[in-house]
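Novice: I grabbed these lines from Swiss-Prot:
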- Cys3-Cys21: disulfide bond (DISULFID)
- Cys14-Cys38: disulfide bond (DISULFID)
- Cys42-Cys53: disulfide bond (DISULFID)
- Cys54-Cys59: disulfide bond (DISULFID)
Amino acid sequence: LKCNKLVPIAYKTCPEGKNLCYKMFMMSDLTIPVKRGCIDVCPKNSLLVKYVCCNTDRCN
């Protein structure tokens, strides 16, 4: 699985066991992701942060 880094022109291949890509947004600004990468389990959203997860190459 390949996931985009913070700047989507760059990406990395995920290590074994991390089979989801994610992007994280601050709830105050849902237009600009503040973090992207590979993850094993999609975190729950909170009052401050929203996560969007997916499982295909460079989907984040």
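Positions of Cβ are set from backbone N, Cα and C atoms, glycine also.
A description of the local structural setting of each listed feature is requested, covering burial, neighbours and distances.
Specialist: Every protein chain shown contributes to the tally, and the Cβ of Cys21 (disulfide bond) ends up with 26 other Cβ atoms within 10 Å.
Around the Cβ of Cys38 (disulfide bond), 21 further Cβ atoms fall within 10 Å across all displayed protein chains. Look at Cys38 (disulfide bond): DSSP puts it in a strand.
In sequence order, Leu20, Tyr22, Tyr51, Cys53 are the residues of the chain that are 6 or more apart from Cys42 (disulfide bond) and have a CB within less than 8 Å of its CB.
The C-beta environment of Cys59 (disulfide bond), restricted to residues of the same chain at least 6 apart in sequence and closer than 8 Å, consists of Cys3, Cys21.
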Novice: At a 10 A cut-off on CB-CB distances, which of the disulfide-bonded residues Cys3, Cys14, Cys53, Cys54 has the highest count?
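Specialist: Max Cβ neighbours within 10 Å, all protein chains included: Cys3.
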Novice: To the nearest Å, how far is the Cα of Cys38 (disulfide bond) from the Cα of Cys54 (disulfide bond)?
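Specialist: Answer for this pair: 10 Å between alpha carbons.
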Novice: Rounded to an integer, what is the Cα-Cα distance in Å between Cys14 (disulfide bond) and Cys54 (disulfide bond)?
Specialist: 13
